[in-house]
Amino acid sequence: MIKQRTLKRIVQATGVGLHTGKKVTLTLRPAPANTGVIYRRTDLNPPVDFPADAKSVRDTMLCTCLVNEHDVRISTVEHLNAALAGLGIDNIVIEVNAPEIPIMDGSAAPFVYLLLDAGIDELNCAKKFVRIKETVRVEDGDKWAEFRPYNGFTLDFTIDFSHPAIDSSSQRYAMNFSADAFMRQISRARTFGFMRDIEYLQSRGLCLGGSFDCAIVVDDYRVLNEDGLRFEDEFVRHKMLDAIGDLFMCGHNIIGAFTAYKSGHALNNKLLQAVLAKQEAWEFVTFQDDAELPLAFKAPSTVLA
């Protein structure tokens with residue numbers, strides 16, 4: 001039986017909140033089978049839980065939020081959610097003493113390291129996957145995203161940014177998903193933004209944690225970070241990272257082929273909701289052994305060590 005995963009032990013880290021610029025303590029806790037992914041704000045009394053759920057997602061100018069029925073929110077969940085998807089973590093409680101997850105370096109890599117440091121444990125309960133049975137597509141003007149049936153998980157993402165720092169050959173990225181591929185090719189890609197936008201937001205008391213330490217910053221002509229880019233095509237790789245996190249908001253790894261053109265958090269979420277709303281378009285599946293499991297989801301030794 002392919003089993004659900006959680007952490008072996010509690011781990012903690014600190015970072016800066018993108019919105020407030022204040023120190024945030026992040027605690028990751030193991031959770032029993034069928035708990036799912038739970039985000040928890042401990043700065044509120046009593047603490048408030050936000051289960052990962054496609055219908056709770058709100059896209060803001062700066063990040064992805066989860067919002068409950070009382071309009072209480074937790075922000076900047078997307079990069080940690082991508083790390084959970086990358087390592088196939090089914091059950092976890094994520095605590096922060098703030099209204100947001102720390103931005104760290106603007107990628108998912110610090111969260112991957114934290115999860116691997118905690119160790120990954122298998123629970124004696126079958127892991128559920130969402131398998132795509134029918135093609136589902138959503139559009140917004142010239143932007144679109146779709147899922148097609150496929151026995152694995154592939155992603156093909158195209159951006160269309162007209163900027164001297166972004167070469168035309170660096171606007172598309174495609175990959176066969178696996179934990180190894182995610183960690184090596186995607187997890188280190190950072191979020192990006194224009195210096196003028198960051199300065200404008202900070203003048204209004206927003207994005208106070210935004211800096212060269214947590215994003216690729218560009219002006220009209222070039223990348224301003226002293227160290228430059230981590231990959232020639234880091235921009236599109238980060239958009240794929242975002243998509244992996246957005247699509248894991250259902251709390252399950254997805255078996256299917258994802259293709260997108262100029263998509264963002266809102267359209268990725270719209271696609272996920274469109275799939276889940278169409279009963280005949282998907283099904284839950286479990287697997288008895290590795291022989292049945294799509295190659296995309298076979299755990300490398302680095303994960304289940």
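Cβ atoms here come from the backbone N, Cα and C positions, even for glycine.
Neighbour count (other Cβ atoms within 10 Å of the Cβ, all protein chains): 21 for His265 (active site, proton donor). In the three-state DSSP scheme, His265 (active site, proton donor) falls into the helix class. The feature active site, proton donor is assigned by Swiss-Prot to His265, with sequence analysis given as support.
A sphere of 10 angstroms centred on the C-beta of Asp242 (Zn(2+) binding site) encloses 24 other C-beta atoms. Annotation source Swiss-Prot lists Zn(2+) binding site at His79, His238, Asp242, citing sequence analysis.
Taking the centroid of the Cβ atoms of His79, His238, Asp242 as the Zn(2+) site, the other same-chain residues with Cβ within 8 Å of it are Glu78, Ala82, Gly106, Ser107, Ala108, Ala189, Arg190, Thr191, Lys239, Met240, Leu241, Gly245. Counting only same-chain residues six or more apart in sequence, the Cβ atoms lying under 8 angstroms from the Cβ of His79 (Zn(2+) binding site) belong to Ile101, Ile103, Met104, Gly106, Ser107, Ala108, Phe111, Thr191, Leu241, Asp242, Gly245. With respect to their backbone Cα atoms, His265 (active site, proton donor) and His238 (Zn(2+) binding site) stand 12 Å from each other.
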